[in-house]
Amino acid sequence: MIDPQLLRKDIAAVAARLATRKFQLDVEKFNALESERKSLQTRTEELQAKRNQLSKAIGMKKGKGEGAAAEMAEVTQVNADMESGSSRLAVLQAEISDFLMGIPNLPDESVPASKDETENKEVKRWGEQPIFDFEVKDHVDLGGPLGLDFEVAAKISGSRFIVLKGPIARLHRALAQFMIDTHATEHQYQEVYAPYMVNAASMRGTGQLPKFEEDLFKVPRQMGGEDGNGEAKTENFYLIPTAEVPVTNLVRDEIVNTDNLPMKFVAHTPCFRSEAGSYGRDVRGMIRQHQFDKVELVQITKPEDSMQALEDLTGHAERILELLELPYRKVLLCTGDMGFGSTKTYDLEVWVPSQNAYREISSCSSMGDFQARRMQARFKVGQGKPELVHTLNGSGLAVGRALVALLENKQQVDGSIAIPKALQPYLGGLEVLKPI
(Lines of atoms letter the chains of each structure in order from A and count residues from 1; the text may use other names and numbers.)
(Lines give C-alpha, C1' and ligand atoms only; values in the text may rest on other atoms or scores of the structure.)
Protein backbone atom coordinates (compact mmCIF):
# COMPACT_ATOMS: atom_id res chain seq x y z
CA MET A 1 0.00 0.00 0.00
CA ILE A 2 1.39 3.39 -0.92
CA ASP A 3 1.67 6.15 1.66
CA PRO A 4 -1.70 7.99 1.79
CA GLN A 5 0.17 11.18 2.69
CA LEU A 6 1.59 11.20 -0.84
CA LEU A 7 -1.95 11.41 -2.19
CA ARG A 8 -2.91 14.12 0.26
CA LYS A 9 0.15 16.24 -0.57
CA ASP A 10 0.28 15.95 -4.38
CA ILE A 11 -2.27 13.61 -5.87
CA ALA A 12 -1.62 14.88 -9.41
CA ALA A 13 2.03 13.81 -9.25
CA VAL A 14 1.08 10.39 -7.90
CA ALA A 15 -1.54 9.95 -10.63
CA ALA A 16 1.06 10.80 -13.28
CA ARG A 17 3.52 8.21 -11.95
CA LEU A 18 0.81 5.57 -11.76
CA ALA A 19 -0.25 6.33 -15.32
CA THR A 20 3.13 4.99 -16.49
CA ARG A 21 1.97 1.67 -15.00
CA LYS A 22 -1.25 1.79 -17.05
CA PHE A 23 -3.20 2.50 -13.86
CA GLN A 24 -5.76 5.30 -13.81
CA LEU A 25 -6.09 6.75 -10.33
CA ASP A 26 -9.64 7.82 -9.46
CA VAL A 27 -8.68 11.26 -8.20
CA GLU A 28 -12.27 12.43 -7.86
CA LYS A 29 -13.21 9.49 -5.65
CA PHE A 30 -10.22 9.90 -3.36
CA ASN A 31 -10.82 13.64 -3.00
CA ALA A 32 -14.47 13.00 -2.14
CA LEU A 33 -13.53 10.42 0.51
CA GLU A 34 -10.88 12.73 1.96
CA SER A 35 -13.23 15.70 2.04
CA GLU A 36 -15.84 13.77 4.00
CA ARG A 37 -13.18 12.36 6.33
CA LYS A 38 -11.87 15.82 7.13
CA SER A 39 -15.40 17.14 7.70
CA LEU A 40 -16.23 14.29 10.05
CA GLN A 41 -13.02 14.67 12.00
CA THR A 42 -13.56 18.43 12.33
CA ARG A 43 -17.14 17.87 13.46
CA THR A 44 -15.99 15.25 15.98
CA GLU A 45 -13.44 17.67 17.42
CA GLU A 46 -16.11 20.37 17.69
CA LEU A 47 -18.49 18.01 19.48
CA GLN A 48 -15.71 16.90 21.83
CA ALA A 49 -14.99 20.53 22.72
CA LYS A 50 -18.68 21.21 23.24
CA ARG A 51 -19.07 18.17 25.51
CA ASN A 52 -16.09 19.33 27.57
CA GLN A 53 -17.68 22.77 27.97
CA LEU A 54 -21.00 21.27 28.98
CA SER A 55 -19.33 18.94 31.47
CA LYS A 56 -17.63 21.92 33.12
CA ALA A 57 -20.91 23.84 33.22
CA ILE A 58 -22.69 20.86 34.79
CA GLY A 59 -19.96 20.56 37.40
CA MET A 60 -20.18 24.25 38.27
CA LYS A 61 -23.97 24.20 38.58
CA LYS A 62 -23.96 21.10 40.73
CA GLY A 63 -21.30 22.70 42.90
CA LYS A 64 -23.66 25.60 43.51
CA GLY A 65 -26.56 23.27 44.18
CA GLU A 66 -28.29 24.29 40.96
CA GLY A 67 -30.06 22.02 38.52
CA ALA A 68 -28.37 21.11 35.22
CA ALA A 69 -31.07 19.12 33.44
CA ALA A 70 -30.83 21.15 30.23
CA GLU A 71 -27.07 20.77 30.00
CA MET A 72 -27.29 17.05 30.74
CA ALA A 73 -29.86 16.60 27.99
CA GLU A 74 -27.58 18.46 25.62
CA VAL A 75 -24.67 16.19 26.59
CA THR A 76 -26.84 13.18 25.78
CA GLN A 77 -27.51 14.61 22.31
CA VAL A 78 -23.83 15.42 21.77
CA ASN A 79 -22.89 11.87 22.72
CA ALA A 80 -25.42 10.50 20.25
CA ASP A 81 -24.06 12.76 17.50
CA MET A 82 -20.51 11.70 18.31
CA GLU A 83 -21.44 8.03 18.20
CA SER A 84 -23.15 8.49 14.85
CA GLY A 85 -20.15 10.37 13.48
CA SER A 86 -17.75 7.77 14.84
CA SER A 87 -19.69 4.97 13.13
CA ARG A 88 -19.65 6.81 9.81
CA LEU A 89 -15.95 7.64 10.21
CA ALA A 90 -15.13 3.96 10.76
CA VAL A 91 -16.99 3.04 7.57
CA LEU A 92 -15.24 5.85 5.71
CA GLN A 93 -11.81 4.79 6.94
CA ALA A 94 -12.53 1.26 5.69
CA GLU A 95 -13.53 2.67 2.29
CA ILE A 96 -10.31 4.68 2.11
CA SER A 97 -8.30 1.59 3.09
CA ASP A 98 -10.00 -0.47 0.37
CA PHE A 99 -9.29 2.30 -2.12
CA LEU A 100 -5.61 2.36 -1.18
CA MET A 101 -5.39 -1.46 -1.31
CA GLY A 102 -6.25 -1.34 -5.01
CA ILE A 103 -3.45 1.06 -5.96
CA PRO A 104 -0.18 -0.47 -7.27
CA ASN A 105 3.22 0.56 -5.99
CA LEU A 106 4.97 3.62 -7.37
CA PRO A 107 7.87 2.80 -9.73
CA ASP A 108 11.37 3.75 -8.68
CA GLU A 109 12.89 6.64 -10.62
CA SER A 110 15.46 4.27 -12.17
CA VAL A 111 12.73 2.20 -13.86
CA PRO A 112 12.19 3.00 -17.56
CA ALA A 113 8.73 4.43 -18.23
CA SER A 114 7.25 2.39 -21.07
CA LYS A 115 3.99 0.70 -21.91
CA ASP A 116 4.66 -3.07 -21.97
CA GLU A 117 7.15 -5.96 -22.00
CA THR A 118 8.32 -5.13 -25.52
CA GLU A 119 10.14 -2.13 -24.05
CA ASN A 120 11.89 -3.87 -21.16
CA LYS A 121 15.63 -3.21 -21.03
CA GLU A 122 18.17 -6.03 -21.32
CA VAL A 123 21.06 -5.19 -19.00
CA LYS A 124 23.14 -8.38 -19.14
CA ARG A 125 23.57 -11.58 -21.10
CA TRP A 126 25.58 -14.56 -19.83
CA GLY A 127 26.65 -17.84 -21.39
CA GLU A 128 26.72 -19.22 -24.91
CA GLN A 129 23.61 -20.71 -26.46
CA PRO A 130 24.42 -24.38 -27.17
CA ILE A 131 24.86 -25.52 -30.75
CA PHE A 132 23.64 -29.06 -31.48
CA ASP A 133 24.66 -31.31 -34.38
CA PHE A 134 21.44 -33.30 -34.03
CA GLU A 135 17.73 -32.51 -34.00
CA VAL A 136 16.88 -30.72 -30.77
CA LYS A 137 14.14 -32.24 -28.61
CA ASP A 138 11.98 -30.30 -26.21
CA HIS A 139 11.74 -31.15 -22.51
CA VAL A 140 8.53 -33.13 -23.00
CA ASP A 141 10.15 -35.56 -25.43
CA LEU A 142 13.35 -35.68 -23.39
CA GLY A 143 11.52 -36.08 -20.09
CA GLY A 144 9.27 -38.96 -21.06
CA PRO A 145 12.01 -41.64 -21.06
CA LEU A 146 13.38 -40.11 -17.83
CA GLY A 147 10.08 -40.44 -15.94
CA LEU A 148 8.07 -37.31 -16.81
CA ASP A 149 4.41 -38.29 -17.04
CA PHE A 150 1.61 -35.92 -18.03
CA GLU A 151 -1.01 -38.58 -18.74
CA VAL A 152 -1.12 -40.06 -15.25
CA ALA A 153 -1.06 -36.55 -13.76
CA ALA A 154 -4.10 -35.65 -15.88
CA LYS A 155 -5.86 -38.78 -14.61
CA ILE A 156 -5.09 -37.90 -11.00
CA SER A 157 -5.68 -34.15 -11.08
CA GLY A 158 -6.38 -32.74 -14.54
CA SER A 159 -4.44 -30.51 -16.92
CA ARG A 160 -1.41 -28.43 -15.92
CA PHE A 161 -0.10 -31.01 -13.44
CA ILE A 162 2.87 -33.37 -13.69
CA VAL A 163 4.13 -36.61 -12.19
CA LEU A 164 7.88 -37.14 -11.97
CA LYS A 165 9.30 -40.63 -11.43
CA GLY A 166 12.71 -42.23 -11.31
CA PRO A 167 15.67 -40.29 -12.73
CA ILE A 168 13.80 -37.06 -13.42
CA ALA A 169 12.28 -36.99 -9.93
CA ARG A 170 15.76 -37.41 -8.49
CA LEU A 171 17.08 -34.58 -10.70
CA HIS A 172 14.22 -32.30 -9.64
CA ARG A 173 14.97 -32.95 -5.95
CA ALA A 174 18.70 -32.45 -6.50
CA LEU A 175 18.09 -29.06 -8.12
CA ALA A 176 16.07 -27.80 -5.16
CA GLN A 177 18.62 -29.04 -2.62
CA PHE A 178 21.49 -27.51 -4.58
CA MET A 179 19.72 -24.14 -4.71
CA ILE A 180 18.92 -24.08 -1.00
CA ASP A 181 22.43 -25.14 0.01
CA THR A 182 24.05 -22.53 -2.22
CA HIS A 183 21.90 -19.71 -0.86
CA ALA A 184 22.34 -20.83 2.75
CA THR A 185 26.09 -21.43 2.68
CA GLU A 186 27.39 -19.08 -0.01
CA HIS A 187 24.89 -16.23 0.35
CA GLN A 188 24.09 -16.54 4.10
CA TYR A 189 20.32 -16.94 3.89
CA GLN A 190 18.48 -18.58 6.78
CA GLU A 191 16.47 -21.60 5.66
CA VAL A 192 12.77 -21.49 6.53
CA TYR A 193 10.08 -24.16 6.47
CA ALA A 194 6.74 -22.34 6.28
CA PRO A 195 3.04 -23.25 5.92
CA TYR A 196 1.70 -23.99 2.46
CA MET A 197 -1.73 -22.62 3.47
CA VAL A 198 -2.13 -19.09 4.84
CA ASN A 199 -4.95 -16.90 6.08
CA ALA A 200 -6.40 -13.87 4.31
CA ALA A 201 -4.42 -11.42 6.45
CA SER A 202 -1.17 -12.90 5.14
CA MET A 203 -2.36 -12.62 1.54
CA ARG A 204 -3.37 -9.00 2.11
CA GLY A 205 -0.01 -8.29 3.69
CA THR A 206 1.98 -9.24 0.60
CA GLY A 207 -0.55 -7.82 -1.85
CA GLN A 208 -2.27 -10.88 -3.37
CA LEU A 209 -5.56 -9.84 -1.80
CA PRO A 210 -7.90 -8.30 -2.62
CA LYS A 211 -6.83 -7.69 -6.22
CA PHE A 212 -5.71 -11.17 -7.31
CA GLU A 213 -8.12 -13.50 -5.54
CA GLU A 214 -9.12 -15.23 -8.79
CA ASP A 215 -5.52 -16.39 -9.24
CA LEU A 216 -5.53 -18.19 -5.88
CA PHE A 217 -6.78 -21.58 -4.70
CA LYS A 218 -9.13 -20.94 -1.78
CA VAL A 219 -9.76 -23.53 0.95
CA PRO A 220 -12.82 -22.72 3.11
CA ARG A 221 -12.86 -24.14 6.64
CA GLN A 222 -15.86 -24.35 8.96
CA MET A 223 -15.16 -22.67 12.28
CA GLY A 224 -18.19 -23.84 14.26
CA GLY A 225 -21.22 -21.77 15.16
CA GLU A 226 -23.32 -19.61 12.85
CA ASP A 227 -23.01 -16.16 11.35
CA GLY A 228 -25.70 -13.47 11.45
CA ASN A 229 -27.58 -15.11 8.57
CA GLY A 230 -27.78 -18.50 10.24
CA GLU A 231 -25.08 -19.94 7.97
CA ALA A 232 -22.15 -21.97 9.28
CA LYS A 233 -19.18 -19.72 10.05
CA THR A 234 -16.27 -20.27 7.69
CA GLU A 235 -12.74 -18.96 7.38
CA ASN A 236 -10.86 -18.95 4.10
CA PHE A 237 -7.37 -20.32 3.82
CA TYR A 238 -5.34 -19.99 0.63
CA LEU A 239 -2.74 -22.26 -0.94
CA ILE A 240 0.39 -20.17 -1.35
CA PRO A 241 1.22 -18.93 -4.89
CA THR A 242 4.82 -18.38 -3.73
CA ALA A 243 6.82 -18.75 -0.51
CA GLU A 244 7.10 -14.96 -0.57
CA VAL A 245 3.72 -14.89 1.20
CA PRO A 246 4.41 -16.89 4.38
CA VAL A 247 8.07 -15.90 4.63
CA THR A 248 7.54 -12.14 4.27
CA ASN A 249 4.71 -12.37 6.79
CA LEU A 250 7.20 -13.55 9.40
CA VAL A 251 7.63 -9.85 10.22
CA ARG A 252 3.95 -8.85 10.05
CA ASP A 253 2.97 -6.76 13.11
CA GLU A 254 6.56 -6.96 14.36
CA ILE A 255 9.07 -4.28 15.35
CA VAL A 256 12.51 -5.59 14.39
CA ASN A 257 15.66 -4.39 16.12
CA THR A 258 17.87 -2.62 13.60
CA ASP A 259 20.78 -4.84 14.65
CA ASN A 260 18.91 -7.79 13.11
CA LEU A 261 18.70 -6.18 9.66
CA PRO A 262 19.06 -7.26 6.98
CA MET A 263 17.07 -10.46 7.47
CA LYS A 264 17.65 -12.98 4.68
CA PHE A 265 15.43 -16.04 4.26
CA VAL A 266 15.31 -18.91 1.77
CA ALA A 267 12.45 -21.39 1.48
CA HIS A 268 11.63 -24.30 -0.82
CA THR A 269 7.89 -24.83 -1.26
CA PRO A 270 5.33 -25.99 -3.75
CA CYS A 271 3.43 -23.08 -5.28
CA PHE A 272 -0.21 -23.17 -6.36
CA ARG A 273 -1.73 -20.93 -9.03
CA SER A 274 -5.04 -21.10 -10.83
CA GLU A 275 -3.50 -19.51 -13.95
CA ALA A 276 -6.72 -17.57 -14.54
CA GLY A 277 -6.36 -15.68 -17.80
CA SER A 278 -3.68 -18.04 -19.13
CA TYR A 279 -5.98 -20.23 -21.23
CA GLY A 280 -4.16 -21.43 -24.32
CA ARG A 281 -0.71 -20.26 -23.16
CA ASP A 282 2.11 -22.80 -22.74
CA VAL A 283 -0.30 -25.73 -22.88
CA ARG A 284 2.50 -28.16 -23.72
CA GLY A 285 5.01 -29.07 -21.06
CA MET A 286 6.04 -27.80 -17.65
CA ILE A 287 6.35 -24.06 -18.23
CA ARG A 288 2.95 -23.14 -16.79
CA GLN A 289 1.54 -25.43 -14.07
CA HIS A 290 -1.07 -25.24 -11.33
CA GLN A 291 1.48 -26.73 -8.91
CA PHE A 292 5.23 -26.24 -9.13
CA ASP A 293 8.21 -26.02 -6.80
CA LYS A 294 10.21 -22.88 -6.23
CA VAL A 295 13.11 -21.81 -4.06
CA GLU A 296 12.30 -18.30 -2.86
CA LEU A 297 14.59 -15.59 -1.52
CA VAL A 298 13.24 -12.90 0.83
CA GLN A 299 15.10 -9.99 2.38
CA ILE A 300 13.95 -7.49 5.02
CA THR A 301 16.09 -4.34 5.04
CA LYS A 302 16.37 -0.76 6.16
CA PRO A 303 15.02 1.70 3.54
CA GLU A 304 18.43 3.06 2.59
CA ASP A 305 19.75 -0.46 1.89
CA SER A 306 16.96 -1.89 -0.25
CA MET A 307 18.18 -0.93 -3.73
CA GLN A 308 21.62 -2.43 -3.18
CA ALA A 309 19.90 -5.46 -1.65
CA LEU A 310 17.94 -5.89 -4.90
CA GLU A 311 21.18 -5.99 -6.87
CA ASP A 312 22.61 -8.52 -4.41
CA LEU A 313 19.51 -10.73 -4.35
CA THR A 314 19.31 -10.78 -8.14
CA GLY A 315 22.98 -11.70 -8.25
CA HIS A 316 22.31 -14.62 -5.93
CA ALA A 317 19.71 -15.98 -8.35
CA GLU A 318 22.11 -15.41 -11.25
CA ARG A 319 24.76 -17.41 -9.41
CA ILE A 320 22.54 -20.51 -9.52
CA LEU A 321 22.10 -20.21 -13.29
CA GLU A 322 25.82 -19.77 -13.80
CA LEU A 323 26.70 -22.77 -11.63
CA LEU A 324 24.19 -24.81 -13.64
CA GLU A 325 25.89 -23.57 -16.83
CA LEU A 326 22.61 -22.26 -18.23
CA PRO A 327 22.66 -19.29 -20.64
CA TYR A 328 20.45 -16.44 -19.46
CA ARG A 329 19.76 -12.77 -19.77
CA LYS A 330 18.90 -10.15 -17.15
CA VAL A 331 16.09 -7.74 -17.96
CA LEU A 332 15.01 -4.56 -16.17
CA LEU A 333 11.23 -4.38 -16.38
CA CYS A 334 9.63 -1.15 -17.53
CA THR A 335 6.79 0.51 -15.61
CA GLY A 336 4.13 -1.08 -17.80
CA ASP A 337 5.28 -4.64 -17.09
CA MET A 338 6.04 -4.60 -13.36
CA GLY A 339 4.13 -6.59 -10.77
CA PHE A 340 1.47 -4.91 -8.63
CA GLY A 341 3.59 -4.47 -5.49
CA SER A 342 6.98 -3.89 -7.07
CA THR A 343 8.89 -0.62 -7.18
CA LYS A 344 11.69 -2.17 -9.29
CA THR A 345 12.06 -5.62 -10.85
CA TYR A 346 14.69 -7.62 -12.69
CA ASP A 347 13.61 -10.72 -14.60
CA LEU A 348 16.10 -13.49 -15.32
CA GLU A 349 15.28 -15.37 -18.51
CA VAL A 350 16.90 -18.71 -19.29
CA TRP A 351 17.58 -19.98 -22.80
CA VAL A 352 15.15 -22.69 -23.98
CA PRO A 353 16.56 -24.25 -27.19
CA SER A 354 13.34 -25.88 -28.41
CA GLN A 355 11.59 -22.51 -28.34
CA ASN A 356 14.62 -20.59 -29.60
CA ALA A 357 13.82 -18.04 -26.91
CA TYR A 358 14.63 -16.84 -23.43
CA ARG A 359 11.91 -17.65 -20.88
CA GLU A 360 11.45 -16.20 -17.40
CA ILE A 361 12.91 -18.34 -14.61
CA SER A 362 13.20 -15.72 -11.87
CA SER A 363 11.66 -12.38 -11.00
CA CYS A 364 13.51 -10.33 -8.35
CA SER A 365 11.81 -7.28 -6.90
CA SER A 366 12.11 -4.55 -4.33
CA MET A 367 8.72 -3.74 -2.84
CA GLY A 368 9.98 -0.71 -0.92
CA ASP A 369 7.65 -0.11 2.04
CA PHE A 370 4.56 -1.20 0.05
CA GLN A 371 4.15 -4.57 1.79
CA ALA A 372 5.50 -3.32 5.11
CA ARG A 373 2.76 -0.68 5.34
CA ARG A 374 0.10 -3.35 4.77
CA MET A 375 1.74 -5.66 7.33
CA GLN A 376 2.83 -2.96 9.79
CA ALA A 377 6.32 -4.46 9.67
CA ARG A 378 8.69 -1.99 11.28
CA PHE A 379 12.16 -1.57 12.75
CA LYS A 380 13.49 0.66 15.49
CA VAL A 381 16.86 2.18 16.21
CA GLY A 382 17.43 2.32 19.97
CA GLN A 383 14.59 4.24 21.61
CA GLY A 384 13.64 5.96 18.36
CA LYS A 385 10.29 5.94 16.61
CA PRO A 386 9.52 2.73 14.65
CA GLU A 387 9.88 3.01 10.87
CA LEU A 388 8.64 0.78 8.07
CA VAL A 389 11.10 -1.82 6.78
CA HIS A 390 11.61 -2.50 3.09
CA THR A 391 10.90 -5.97 1.68
CA LEU A 392 12.41 -7.78 -1.30
CA ASN A 393 11.83 -11.15 -2.89
CA GLY A 394 12.94 -13.24 -5.83
CA SER A 395 12.97 -16.76 -7.21
CA GLY A 396 16.21 -18.50 -6.63
CA LEU A 397 15.00 -20.37 -8.80
CA ALA A 398 11.76 -21.86 -10.10
CA VAL A 399 12.72 -25.54 -9.86
CA GLY A 400 10.51 -26.85 -12.66
CA ARG A 401 11.71 -24.27 -15.15
CA ALA A 402 15.31 -24.94 -14.13
CA LEU A 403 14.62 -28.61 -14.87
CA VAL A 404 13.22 -27.68 -18.29
CA ALA A 405 16.27 -25.56 -19.09
CA LEU A 406 18.70 -28.21 -17.87
CA LEU A 407 17.07 -30.97 -19.91
CA GLU A 408 17.09 -28.94 -23.10
CA ASN A 409 20.47 -27.22 -22.83
CA LYS A 410 22.31 -30.33 -21.63
CA GLN A 411 20.67 -32.92 -23.90
CA GLN A 412 22.85 -35.48 -25.69
CA VAL A 413 22.18 -37.22 -28.98
CA ASP A 414 21.05 -40.42 -27.19
CA GLY A 415 18.52 -38.57 -25.02
CA SER A 416 20.71 -38.56 -21.93
CA ILE A 417 21.41 -35.38 -19.96
CA ALA A 418 24.89 -34.10 -19.07
CA ILE A 419 24.93 -33.05 -15.41
CA PRO A 420 26.71 -29.77 -14.54
CA LYS A 421 29.68 -30.25 -12.23
CA ALA A 422 28.09 -28.19 -9.41
CA LEU A 423 25.06 -30.49 -9.36
CA GLN A 424 26.90 -33.82 -9.47
CA PRO A 425 27.44 -34.14 -5.68
CA TYR A 426 23.64 -34.03 -5.26
CA LEU A 427 23.28 -37.00 -7.60
CA GLY A 428 25.91 -39.23 -6.05
CA GLY A 429 28.61 -38.07 -8.45
CA LEU A 430 26.50 -38.89 -11.53
CA GLU A 431 27.84 -37.16 -14.65
CA VAL A 432 25.15 -38.24 -17.10
CA LEU A 433 21.46 -38.89 -16.45
CA LYS A 434 20.25 -41.68 -18.70
CA PRO A 435 16.72 -42.73 -19.71
CA ILE A 436 15.09 -45.54 -17.77
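Including glycine, each Cβ sits where the backbone N, Cα and C put it.
A 10 Å cutoff on Cβ-Cβ distances gives Glu296 (L-serine binding site) a total of 29 other Cβ atoms nearby, all chains included. The feature L-serine binding site is assigned by Swiss-Prot to Thr242, Ala243, Glu244, Glu296, Ser395.
Cβ neighbours of Ser363 (ATP binding site) (same chain, under 8 Å, six or more residues apart in sequence): Gly339, Thr345, Tyr346, Asp347, Leu348, Gly394, Ser395. Under DSSP, Ser363 (ATP binding site) is assigned to a strand (E or B) in the three-state scheme. Swiss-Prot lists Arg273, Ser274, Glu275, Glu360, Ile361, Ser362, Ser363 with the feature ATP binding site, giving sequence analysis as the kind of evidence.
Every protein chain considered, the tally of other Cβ atoms within 10 Å of the Cβ of Ser274 (ATP binding site) stands at 17.
Under a cutoff of 8 A between CB atoms, and with a sequence separation of 6+ in the same chain, the neighbours of Glu275 (ATP binding site) are Arg160, Asp215, Arg288, His290.
Straight-line distance linking the Cα atoms of Ile361 (ATP binding site) and Thr242 (L-serine binding site), rounded to a whole number, equals 14 Å. When the binding-site residues Ser274, Glu360, Ser362 are compared by Cα distance to Ala243 (L-serine binding site), the shortest distance belongs to Ser362. In this structure, Ser274 (ATP binding site) belongs to neither helix nor strand by DSSP; it is coil. Note: the Cα of Ser362 (ATP binding site) and the Cα of Glu296 (L-serine binding site) are spaced 9 Å from each other. Within its own chain, Arg273 (ATP binding site) has Asp215, Leu216, Phe217, Pro241, Gln289, His290 as residues 6 or more apart in sequence whose C-beta sits under 8 angstroms from its own.
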